[in-house]
Amino acid sequence: MDTLIAQLQRRFCDFTISLYHQGFLDDQFTELKKLQDECSPDFVAEVVTLFFEDCEKLISNMARALDQTGNVDFKLVGSSVHQLKGSSSSVGAKRVKGLCVTLKECCDSQNYEGCVRCLQQVDIEYKTLKAKLQDLFNLEQQIVQAGGRIPQVDI
């Protein structure tokens, strides 16, 4: 059993490090992890789940607004992307946050094609991050269920 725990912990550390090295996460995610303790072991997963729900709503709102060809409310899209950038920043979603900056610039210049293209990239990046973080949280659960502790990962 100890070998299984050690293998899971190693996979967890390697996977976590890869998320930082590939630019999916930044130091804010590390800060968020520091707020998690024995009293609130699911804190990060809960915060990230709320982030995912926010992302889906905001991306959907922006897609609907951009669907109004010839009558796009760029202020609405800009407001939604600003919220998404803030949410992304608060959980350490580095790539999503970076794309939000570009999308905001497209909104500010009322570049319709740029907005559509950037929003598609945001959606892809969000879905990729969601899958990766769900894998990370699943690894955490496997470690705990095997009787192990989640290792501290130094980036």
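Here the Cβ of each residue, glycine as well, is placed from N, Cα and C on the backbone.
Values in this document were obtained by computation on a predicted structure and should not be read as measured data.
If you look up Swiss-Prot, you'll see 40-147 marked as domain 'HPt', on the strength of sequence analysis.
As annotated by Swiss-Prot, N-acetylmethionine applies to Met1.
Residues or ranges marked as phosphohistidine by Swiss-Prot: His82. Within 10 Å of the C-beta atom of His82 (phosphohistidine) sit 15 other C-beta atoms, taking all shown protein chains into account. Reduced to three states, the DSSP call for His82 (phosphohistidine) is helix.
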